[in-house]
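The structure appears below as structure tokens.
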Amino acid sequence: MLTNLRLVTLSSETSADNNGYQIIEDGMVGITNGKIMFVGSVSDSPLACHNDLHGHPDVIDCGNALVTPGLIDCHTHLVFAGNRANEFEQRLNGMPYEEMAKRGGGIISTVQATREATEDELYQLAIKRLNGLKRDGVTTIEIKSGYGLTLDDELKMLRVARRIGDMPDIKVSTTLLAAHAVPPEYKNRADDYIEYVCQHIIPAAVEQGLADYVDVFCEGIGFSTQQCQRVFETAKHYGLGIKGHTEQLSNLGGSALAARMGATSVDHIEHLDHDGVAALAANNTVATLLPGAYYFLRETQRPPIEHLRKLQVPMAISTDFNPGTSPIASLRTMMNMACTFFRLTPEECLRGVTCNAAQALGLEASRGKISVGMEADLALWDIDTPAELSYRLGVPDLVARIVDGELFYAK
């Protein structure tokens, strides 16, 4: 039992305060075999009859910590080799991306470095990046492939992601993103590459149990809606979930396509129109906001937040951690950016990195809320109010994380 805490449950079973948070003061959480078995006040707990709860061997005093669900980073490209700091300098000096690509930069430079790296090297690099997310209270993370673009290299990336998921203090959902870019070997033959993805990479990932989802980059510099539909159809044939990078730079209709085909989420969506929002609402598809990429690329077109609110589309928030457009390993920074750039409320941001992020990964029945029967994934904070998670940056507020019922103190 965890006692002497203030619970932000984000569960409809708990009444909301004036700011929309579901908070239980003087709260207690009971955990058995990694699952939450009791949520409520101390006076209602199974141990309420004990005169001295603090001395009970099964009780941990949390020091009046504020407790939220463990945070979920539902869109990352954590596994890769190399970095593109030189391109950051070049972009600031006015060099267009197209010119960088001609010089061998851009995504292809990351592909080359990732292909050359061993699995152990990729694993060690990813662990260093992951540590920053853990310090922000992250207990579940999604990791994509997409920097291999060959059968062997895409599977190599997914094996690294699965290996990270074997760690006791983090849960990992894996996504095959072979349809991320056209590799050099298939230059000017995007249709042929999509067939290679559908006929070889997806079946192999399924056979080896390496992928939970399949993702695509539906964009003018990526793949067309017809090509993405082919990938989605193949993924669904093999029983995999689908999601999409859509409407980041233009409006091709990829979000509506993905939603109609059953995607759990569509991500970026700066150029999403009202018809696209309606498609998300009709199909219960999560809109994942990626303010880090918006910031890093100095974009000006914001996602249609008001219309998403109007149609009650759940909004998730994620880092989009990647070497080219969002090298920011801090989910709390994304919460602050979502408030500042997109005008989300702190309460919307907290839901965006907990219950809505869980829904984006198809995990809403097991993670993202503090409720009986859910997995015991929690974050304990030394703060007064939940809004501080979005408001304050650079302060080590995390006390501990609990993952599947196991306690890990912040380092």
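Easy rule for this one: first residue shown is 1, then count along the chain.
Glycine is treated like the rest: Cβ placed from N, Cα and C.
Quick look at what Swiss-Prot annotates:
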BINDING   H75, H77, H245, D320  Fe(3+) binding site
BINDING   H75, H77, H245, D320  Zn(2+) binding site
BINDING   R84, Y147, H180, Q248, T325  4-imidazolone-5-propanoate binding site
BINDING   Y147, N322, G324  N-formimidoyl-L-glutamate binding site
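Features per Swiss-Prot, on structure.
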residue: H75; record: Fe(3+) binding site; DSSP (3 states): coil
residue: R84; record: 4-imidazolone-5-propanoate binding site; DSSP (3 states): coil
residue: Y147; record: 4-imidazolone-5-propanoate binding site; DSSP (3 states): coil
residue: H180; record: 4-imidazolone-5-propanoate binding site; DSSP (3 states): coil
residue: H245; record: Fe(3+) binding site; DSSP (3 states): strand
residue: D320; record: Fe(3+) binding site; DSSP (3 states): coil
residue: T325; record: 4-imidazolone-5-propanoate binding site; DSSP (3 states): coil
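Shown in sequence order, I143, K144, G146, Y147, L177, D320, F321, N322, P323 are the residues of the chain, 6+ apart in sequence, with a C-beta less than 8 angstroms from the C-beta of H77 (Fe(3+) binding site).
Cβ proximity to the Zn(2+) site centre (mean Cβ of H75, H77, H245, D320, cutoff 8 Å) flags the following additional same-chain residues: T76, K144, D267, H268, L290, A293, S318, F321, N322, S326.
Taking CA atoms as the reference points, Q248 (4-imidazolone-5-propanoate binding site) and H75 (Fe(3+) binding site) are 14 Å apart.
Within 10 Å of the C-beta of N322 (N-formimidoyl-L-glutamate binding site) we count 24 further C-beta atoms, all protein chains included.
Counting only residues at least six positions away in the same chain, the Cβ atoms of I107, K144, S145, G146, Y147, L149, D215, F217, G222 sit under 8 Å from the Cβ of H180 (4-imidazolone-5-propanoate binding site).
Using a 10 Å radius centred on the Cβ of G324 (N-formimidoyl-L-glutamate binding site) and all shown protein chains, the other Cβ atoms total 23. Using G324 (N-formimidoyl-L-glutamate binding site) as the reference Cα, a 10 A cut-off selects R84 from the binding-site residues H75, R84, H245.
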